[in-house]
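Here's the structure we're looking at; comments come further down.
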Amino acid sequence: MREITPKRIREMKGKEKITMITAYDYPSALLADKAGFDIVFIGDSLGMVVYGEPSTLNVTMEQMIFHTRAVAKAVKRALVLADMPFGSYEVSVEEGIKNAIKLVQAGADAVKIEGGYDHRKLVKKLVRIGIPVMGHTGLTPQRYLRLGGYRIMGGTEEEVEEILRDAKALEKAGAFAIVLEFVLADVAKLVTEEVSIPTIGIGSGPYVDGQVLVWHDVLGLYESSPPFAKRYANLKEEILRAISTFREEVKEGKFPGREHYWEFQDKEEFKRIKDNVMKKLNL
């Protein structure tokens with residue numbers, strides 16, 4: 001069992017800020033765990049930042065299982081959280097349970113489900129059989145078409161009511177935490193105060209119990225990123241500089257340098273071997 005558990009995350013509410021970051025492969029997960037994050041999250045955002053999809057709607061269970069396995073092998077301390085992709089739980093509670101089990105078998109400690117009130121029965125059943133669940137309300141990318149695109153949530157009485165209802169339903173169903181995405185900070189604060197489980201914000205202000213960002217946004221790997229994301233590095237330029245230098249050195253004959261390859265020390269021995277091989281191969 002890893003050091004950080006859902007129980008530990010729950011106990012952090014109001015005491016210590018929860019840190020969460022996405023990771024989609026072994027080396028990224030190694031670094032995230034070494035950096036001390038509480039939660040390493042295999043998000044369905046991989047569809048967009050890894051596979052170049054226009055949204056998360058085309059992400060499959062097979063992709064989530066594949067990436068969860070890679071991340072789980074790397075993480076020793078943090079809680080490993082895997083997203084339930086679109087279509088993996090909407091049809092029936094039974095199908096949702098089967099797919100959640102697959103993610104746990106791939107190495108996840110818990111699963112995340114978008115939506116709240118509508119999926120309370122699934123959350124309750126998953127928790128009953130021993131699969132911890134993190135909920136997700138506010139902007140739910142899997143439902144962005146219904147929401148009218150990617151936009152900030154909580155600006156109307158109806159939206160505030162829906163967000164709070166989702167949060168309370170998730171709490172009652174046994175979720176150990178809730179993601180609040182792109183919600184007005186006042187609303188995120190209200191939800192955080194009204195539920196006993198931690199809230200983890202993304203673009204939802206400072207009044208939540210923790211924060212999550214996407215790996216690629218933190219590192220500046222793309223030209224653009226969501227307005228709520230902060231770049232802590234500009235790795236796109238660093239990577240471009242590095243691989244361009246490699247290409248140039250190959251073109252100019254500078255790579256490999258003498259320290260990057262090995263030769264026979266005994267040239268006479270190599271000549272003997274070469275002559276014998278050429279003779280055997282009739283060359």
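All positions are counted from 1 along the displayed chain.
The backbone N, Cα and C atoms fix where each Cβ goes, and this holds for glycine too.
So that you can see what the record holds, here are the features copied from Swiss-Prot:
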BINDING   ASP44, ASP83, GLU114  Mg(2+) binding site
BINDING   ASP44, SER45, ASP83, LYS112  3-methyl-2-oxobutanoate binding site
ACT_SITE  GLU181  active site, proton acceptor
Spatial separation of ASP83 (Mg(2+) binding site) from SER45 (3-methyl-2-oxobutanoate binding site) - C-alpha basis, Å: 9
Cα distance (Å, whole number) from LYS112 (3-methyl-2-oxobutanoate binding site) to ASP83 (Mg(2+) binding site): 5
LYS112 (3-methyl-2-oxobutanoate binding site) in three-state DSSP notation: strand
Other C-beta atoms that fall within 10 angstroms of the C-beta of GLU114 (Mg(2+) binding site): 26
Local Cβ density at the residue listed as 'active site, proton acceptor' - other Cβ atoms counted within 10 Å: 23
DSSP-derived structure type at ASP44 (Mg(2+) binding site), helix or strand or else coil: coil
Rounded to the nearest Å - Cα separation of GLU181 (active site, proton acceptor) and GLU114 (Mg(2+) binding site): 10
